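Visitor: The feature signal peptide is assigned by Swiss-Prot to 1-21, with experimental evidence given as support. The annotation disulfide bond is assigned in Swiss-Prot to CYS24-CYS42, CYS35-CYS60, CYS64-CYS70, CYS71-CYS76.
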Amino acid sequence: MKTLLLTLVVVTIVCLDLGYTLKCHTTQFRNIETCQKWETVCFQRAVKPHPSSMIVLRGCTSSCGKGETCCATDLCNR
């Protein structure tokens, strides 16, 4: 009986994703992305492709690049 219980516990742990995954807003309006395990921060970067327009890029990343605003909690890059 103990062996069966131990086996069930091990199978449950293996089958469940016990790791925390971050969620970030994406560039597409109202979309949410579940980040990969190695992507630990959400980013937001404003890009000006034309003098009269601006695009805000959003998503998951592993490190914060130059000109990006980064944060490490769910949906923090709004």
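Just so you know, glycine gets a Cβ as well, placed from its N, Cα and C.
Mind running through what each feature is packed against?
Guide: In the three-state DSSP scheme, CYS42 (disulfide bond) is classed as strand. Sequence-distant contacts (6 or more apart, same chain, Cβ under 8 Å) of CYS42 (disulfide bond) comprise LEU22, CYS24, HIS25, CYS35, ARG58, GLY59, CYS60, THR61, CYS70, CYS71, ALA72, THR73, LEU75, CYS76, ASN77.
All chains included, 18 other C-beta atoms sit within 10 angstroms of the C-beta of CYS35 (disulfide bond).
According to DSSP, CYS64 (disulfide bond) sits in a coil region rather than a helix or strand.
When secondary structure is read from DSSP and collapsed to three states, CYS71 (disulfide bond) falls in the strand class.
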Visitor: Using a 10 Å cut-off, grab the number of neighbouring Cβ atoms around the Cβ of CYS70 (disulfide bond), all chains included.
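Guide: If we count other Cβ atoms within 10 Å of CYS70 (disulfide bond), we arrive at 17.
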